[in-house]
């Protein structure tokens, strides 16, 4: 099974990706994680990646897919959840080509969405623990004790880019670069939209019902 989970910042993609990967025993893939792993391994392609990251430049798609293609080959028999990847239409088409070489395809492409005002509200209320990296949200996932991490009692911090001006700019980038993927996945008949309003458990239930329906129909066709 090959599932894509995408959406604008602030809708809870990372949380849902973790929950889904755990529930369905899927390998969770994000391009950022793959790039960082290659850099840490000091592989040949990792050294290429590091050169771009050091300069603050985007890593070209041909290098990204050199890593992704190897990962797909190594995990042909594993279920994969693509977390926030692909990010644009070109990457979506390239991913489909890479999968086709393995006689595979994207099974479901989920877009999580929220009203813009709700996204801004969520991101303005987001905090993270500087020690363990856990993310909290005073709206959807507050800490037990206000302003303190539940696990290591560190004071929670706000990201520098979680300002209304920066958030709106990130949303504009999403609209121009990522949303065009919707029509592409609609033509493949795999696009599903999920309203991300509600608790983490409620959103997970909505997504899981779609996945379960897909698995049921697939087993019947086999």
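Note: Cβ is positioned from N, Cα and C throughout, glycine not excepted.
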Annotated range (TrEMBL: region 'LID') out of 87-124, 125-162:
125-162
Just the number: how many Å between the Cα atoms of residue 129 (Zn(2+) binding site) and residue 12 (ATP binding site)?
17
Counting only residues outside 129, 132, 149, 152 in the same chain, those with C-beta within 8 angstroms of the Zn(2+) site's C-beta centroid are 130, 131, 133, 134, 150, 151, 153, 154
Using DSSP, break the region 'NMP' (30-59) down into helix, strand and coil residues and give each count.
22 helix, 0 strand, 8 coil
